[in-house]
Every structure is written in structure tokens, then in C-alpha cells.
Amino acid sequence: MKKTIYIFSDGELHRKDNTLCFEKEKEKRYIPIEDTGEIMAFGEININKRLLEFLSQKEILLHYFNHYGYYMGTFYPREHLNSGFMILKQAEHYMDQTLRLKIAIEYIRGGGKNIRQVLKYYQGRGRYVGDKLEAIEKLLLDIDQQQDIPSLMAVEGNIRSWYYKGFDDIICDTNFVFEERSRRPPKNFLNTLISFGNSIMYSICLSEIYKTHLDPRIGYLHATNFRRFSLNLDVSEIFKPILIDRTIFSLLARKMITAKDFDRDANGVLLKEKGKKCFIHALEEKLKTTINHRDLGRPVSYRRLIRLELYKLEKHLMGEKTYTPFIARW
């Protein structure tokens, strides 16, 4: 499988013959183009039209993040698999509120049940999260009763509220107290990790969408409006608990990320470069991890699972098979 290239330094990224070259000061780093699946740039990088043409030709996405690790945007090459038929089917299922709600419900169900699985995992390891699990179990029963997207989102918000109450019980570290969910800027260390991880997750899902016939601008849970992309946000709901949150819990439990990996300034809390690299390395290892796929009967990596989730949506839109979300089994 092709690699994700992460660039943290400031410099210039350009085409050199038939490969990529990143230059910073007097140092040059060559990046084999055929091994590159996507690029995530956290540093200030200079690019030119020739590079963008090359990336487009090789079907490589370039994701930009700012100094704080917030997602800024993506160079999304011309869709090589774009299908007019699929776009019409996506639009049809979005415009029909009944069809849209059916898909959105499955995203909330998938995310909610994976949240439940994470809590059960830590309950089995002695963490006191029983009251949170009980509340979430009841909320999961309410999902099918919702008649519109706003009420469905309200149920999702309540599930996450109970879930976040369990973070302190799982982490057990006074330096990483949850307090409340805060974004742009996050107000504490834990919220900074969550926001950083979610930004990476959204980008990974966007890259996987590019490899399908789906258009990322048409989502179902998150409204399709002036936002550039929304389908990747939908798909991320299923995978954030089992990939991002569990990576956070693991890193903090092993003290691989500590309070020393953060800075504070007037705009909030910043994860230092060392912390970002540590998080990304752990997440990449998680994405490579394989599980035995119940339907396929063979091992599948977590990254591949994201693509399979998109293929299932394609089949649903074409009327071949009703979409059901991936639920983790541990």
C-alpha cells in the first residue's frame, strides 16, 4: 500500500524529474512518487503549478494544516474515477429526506456503537464507566425514532456528551482532564489531541473517497452546503472512536505524550512537533493493524476498512445492498 508523507518542516516541495523533492535550507529529501498515496503538510511549504500538475497526474492529494494542526484545505486533483451516474444517485439520496435520513441514521448508529465498544473495552480493564455505558445504551435505542437530521444530531450529541464524561475515568491523569469539548482553539491538552486527531481522520477519509466513485461534497449526516467537503465528515464518525480516541488513550497510558509536548499562547494550546510526530506514528501503526473481516473471511487493515465502508455506501446508493456500518468487535 502507498505511504502517507508527512511534512513538518518549512521549505519547498517541487517536482524533480519523475520524483518529488523537498528542500529546506541546504538539505534535500527525495520522495519516490510511485510510493506516495497522499501528502499532509504541517509546515510552511512553497509549491508551484508544475508540482500540482504532477500530483494531479499521479492522483495524489495534498492536505494542508496550519501551525496549530487545524485542517486548512486540500488540493483535490481532478477525479479520475468520477461517475456522473454516482453523483446523480448521491444527489437523489440527499434531496429525498427519507432516503437521506436512512443513511444518516446508520452513521450515527455506527459511531454510537463503536463508542460503546470503546467504553466496554476499558470497562473490562477496570475503568469505572458503567453509568456512561448504561446511558449510551438507552440513547442508542432512540436513534431509529428520529424523524429528521437535527433531532438525530441531538441524539448523537447526547451520546458524545456521556462518552466524554468517561474520558477522565479512562485516562486517569490530572494533566489530561477533559473538562468540556473545546475547539478552535482547544483550551486544554486533551482537547488539543482530540482536535488534531480528528483533523487527520477527516483527511484520511477524504483520501479514501478519492479512490472511489463517490463525490466528497455530498454527505448525508453533515449538510451539503458551502462547505467544500462533507462526506468525509460522515464516514469519520464511525472510525474516530476506534482509531483516534483509542490512539489517544494508548499514548497517554504509556506516557508517550505528556504535558511537556504542548505549548500555550494567546490562541490556545499547541501540540509541539515532537507530539505530532508521536501521535501520527502511533496512528499509522493502528491503521496498518489488521482484523479478521467477518464478511470477507480474511485479514483487513483499518485503513482498508475505511475504503470498504465507502464501497458499501456505493452499493446502497445503487440499490444493490442496504448500507450497514462497521461495528468493532474486540
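Counting starts with 1 at the first residue shown.
Using N, Cα and C of the backbone, Cβ positions are placed for all residues, glycine too.
Note that TrEMBL annotation is computational and uncurated.
Here's what TrEMBL has on this protein:
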| type | residues | note |
| --- | --- | --- |
| BINDING | Glu156, His222, Glu237 | Mn(2+) binding site |
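Note: the Mn(2+) site is recorded as Glu156, His222, Glu237; in the same chain, Ala104, Tyr107, Ile108, Gly111, Met153, Leu221, Leu233, Asp234 also have Cβ atoms within 8 Å of that site's Cβ centroid. His222 (Mn(2+) binding site) falls within neither a helix nor a strand when secondary structure is assigned with DSSP, and so counts as coil. Applying an 8 A CB threshold to same-chain residues 6+ apart, the list for Glu237 (Mn(2+) binding site) reads Tyr107, Ile108, Gly110, Gly111, Glu156, Leu221.
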